[in-house]
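Participant: To start, I am sharing the structure in question, which I have written as structure tokens.
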Amino acid sequence: MKVQVNDQNKISPNLVFFLIHAVQVGVGILGFQRYIAEKAGYDAWISVLLAGIGGSIIIKIMYSMLLKEEGDLIEIHRTAFGNTIGNILSVLFLIYYFMMALAVLRTYIEVVQVWMFPQLSIFPYAFAFLGLVYYIVAGGIRTVTGIAFMGVVFPLYLILTIVFPLRYADFGDLLPIFSHAPIDILAGVKSTTLSYLGFTTLLMYFPFINDKRKSHIWAQLGFQFTTILYLLVAVVTFAFFSKEQLATTIWPTLTMFKIVEMPFVERFEYIGISSWALIILPNVCISVWAFSRGLKRVFHMQQYTGLKISIIALFILMLPFKDRQAIDQLNNYVSTIGFYVLYAYIPCLAVVYHVVRKVRDKHEA
Amino acid sequence: MKWLFGKKNKETNVETLDSLLKELKASSDFIHFHYEQSPHGYWISYFQTLVESKILHRDILPYVNKETLKSLEKFKEVIPIEDVEITSDVKKIKNKILQGYVFIQLHEHDNEGLIIHAATHKNRQVSVPEVEFSVIGPKEAFVESVDTNLNLVRKRLPIPNLRIEEVRVGKLSKTRTYIMYVEGISNEENVNTLRQRVKGIDFDTITDSSFIAQMIEDNHNSPFPQLIDTERPDRVAAILAEGKVAILVDGSPHAIFGPTTITEFFSAFEDYFLSWHIASAFRLIRIFAVAFSILSTPIYVATITYHYELIPKDLLSTLITSRSNIPLPPFFEAVFLELTIELLREAGARLPTKVGQTIGIVGGIVIGTASVEAGLTSNILLIIVALAALASFTTPIYRMGNTIRLIRFPFLVLGAIWGFVGIVLAFSFLIAHLLKLTSLGRPYLEPIYPPRITDWKDAIIRLPYSYLGKRPVQLQTQDTVRFSEQHAKKKRDHISRKSDIDD
């Protein structure tokens, strides 16, 4: 069934590029190198590439469903499984969006605590940050898209910092290529997943895109931009760190910031981590928007109410995650769930959905 | 509930002409007298303070003679004034008398009479713009009389499509407000939005165009102005031709126009008189000035309080020496200096010009030097704060300059609490706010967001005129083409000397 959206609230298709890219790049890029190198060694850049190809296929699958339904995930679930089961599945999916926002925000606060302010108490900062998220999401999808755009464009200068470690880099570390078994490389793909997550929010904001068919190419481009970025970061990291050093470095990207040295600035990581808030912000905003929009669609409540619920819940659920272990576990959960959602659930959903549609269409005809 | 709000302020309803004249006579400047020429004369009534007595004595009274005394029609034919009408509509008569018309009756208790236009216009001469002064370019500025202002604009756009609509705003002041736009170019939606909002204003007295600007802006709670005010008739003519809509208000030497974008607030009209490289460079300087003005003090406070490791060793020693005797934490040091500068600015703005200059010197030099010597502030911060204040004055639109100075303080507070993290948070709030803002329903951050590459030609930089052939997409104009770019290019090629390399 078609989901109707006021034309005034729609976004142009090229902005999907930013929505896809902004929600992917978050805290994952700060530390994914260690996880993938654990599995696939310095062949892990191949895993990054493979994850890029895999994601591209998943986007294509999502578009095949969305374009046929002309609606969102809630509608697809209802078509495929009926109202009740469909809604239950939708709610589970929404919880996953919520966990993404939680994991990203909590991890960022942890980074700030570890690298800048060990004394920073979470609550005042989380309060201010979530207030900002509320302010943005209350502005609707257009404001959220705007912040996604700004969150991509403004911190883009951080790419330049990749030049500094190159002075100490040795690309010979990457050789020989294919020194690991394909199964290890595939395990590396699984570890990269956390950094690629989030673009499933497309399933929620799809009805708000103006020229839906045209937006597909932009979604793919946005995704591949992420892949290129990760590839670049991974290759430079592998060339910069030795294997043993990388194994003990939690946030290799941040450690590389420390190499940056300019005539007027030292200890660049302070600037880098502060600017990172602009990368985290769209991440949280898009997830919270998708969550609250889902609440509206499933429970027929006002999205404002859904938004308030999600902000308060995020604030309260910050509580249990006090130390590194807990946060790491949260990230692992989100990563694992995300992996199965992407590569198992969505393809299965697509099969069920297309079969149901075909049967129904035949029936109606 | 009625008692709570008091009686509704209704206009006194005058029913008959006699009671109207009686009511008006309560004012001492209202003249109602019998002009006697045998056998019976006229009854003449007008506001002495609104009527040009020259007109009365030269063009009206000499024509009272035996012939014209017979009827009002005769009189109307004779006098050399165009705006003359015979009417018995009491409400109309009242309004006209209040606008400076002379009212003439044949007999004292007649129900109808002649209304003759004889209003006086006391206003300033057109002078040089003071707020938006430009070294080159036209030097006319609007004055308080809206008729003069309309003339200044219309003579620059001698086309029949220039529409001027009158709306009276204000229950008591009944201020003449004019909506101007060029039919066939400007988007009707913009005009309708503006017209509706102006007509919807419910207020007693409109003193200045800034009243209207504040009342019709999209978001009343934003510190950012969403409509530009200008005192330059040439600028108004230019934006009308571009497809925007302007409002002129009687009694105000500033026109307001919209829809606009944030980048337009940082473009001075002089940019169009200079060559495009210079203009673009100046615009970039202004953008830099804004960033500097907002961020410099907060970054200083954040760095000194939390992140002194950021500063290279050599620079750090300079900073430490200058701060070594200061007892205050950086935040209070910065607030102290910022407040001093704001005090100086405010005092300078309120004082008469000559005293103001003295205060500027006393404040700037004496207080600055003294506070450094007394060990209250550091030299470096003094330089930063003074530069930041200077930078905030580069904004060409006065109202925007005020905003820039104000939003520095939340940055300062958040920077003092959370260092750089706090500054980025404040910055995110600012961006989010700007993303949500609209000007007459059009996005305020355009062409940055939504990204529209074609509109970058005249935003942060200004390209040569030959590239400005299309009107801004932002305005959604009916006629998008200003001139043919191809044609212009051909002409330009013709003018510029060809290189002989291929000959």
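Heads up, the Cβ atoms here are built off N, Cα and C, so glycines get one too.
Pulled these from TrEMBL:
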TRANSMEM  A:12-32  transmembrane segment
TRANSMEM  A:44-63  transmembrane segment
TRANSMEM  A:84-109  transmembrane segment
TRANSMEM  A:115-137  transmembrane segment
TRANSMEM  A:144-165  transmembrane segment
TRANSMEM  A:185-209  transmembrane segment
TRANSMEM  A:221-241  transmembrane segment
TRANSMEM  A:270-292  transmembrane segment
TRANSMEM  A:304-321  transmembrane segment
TRANSMEM  A:333-356  transmembrane segment
Participant: What else in the chain is close to the transmembrane segment (A:304-321), if you only count residues 6 or more beyond its ends and a Cβ gap under 8 Å?
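Facilitator: Residues packing against the transmembrane segment (A:304-321) from afar: 98, 101-102, 105-106, 109, 122-123, 126-127, 130, 133-134, 137-138, 288, 291-296, 327, 330.
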Participant: Taking the transmembrane segment (A:12-32) as reference, which of A:44-63, A:115-137, A:144-165, A:185-209, A:270-292 has the most Cβ pairs under 8 angstroms?
Facilitator: A:185-209
Participant: Against which stretches of its own chain does the transmembrane segment (A:84-109) lie, if we need a Cβ under 8 Å and a gap of at least six residues from its ends?
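Facilitator: Distal contacts: 26-27, 73-74, 77-78, 120, 122, 125-126, 129-130, 197-198, 200-201, 203-204, 276-277, 280, 283-284, 287-288, 290-291, 294-295, 297-298, 310, 313-314, 317-318, 321, 327, 330-331, 333-334, 337-338, 341.
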Participant: Using a threshold of three or more Cβ pairs below 8 Å, and leaving out pairs closer than 6 in sequence, do the transmembrane segment (A:270-292) and the transmembrane segment (A:221-241) count as in contact?
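Facilitator: These two stretches do not touch.
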Participant: Spell out yes or no: are there three or more C-beta pairs under 8 angstroms between the transmembrane segment (A:333-356) and the transmembrane segment (A:144-165), with each pair 6 or more apart in sequence?
Facilitator: no
Participant: May I ask you to check whether the transmembrane segment (A:270-292) and the transmembrane segment (A:115-137) make contact, with contact taken as at least three Cβ pairs under 8 Å and only pairs 6 or more apart in sequence counted?
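Facilitator: Counting Cβ pairs under 8 Å (6 or more apart in sequence), the transmembrane segment (A:270-292) reaches the transmembrane segment (A:115-137), since there are 3 or more.
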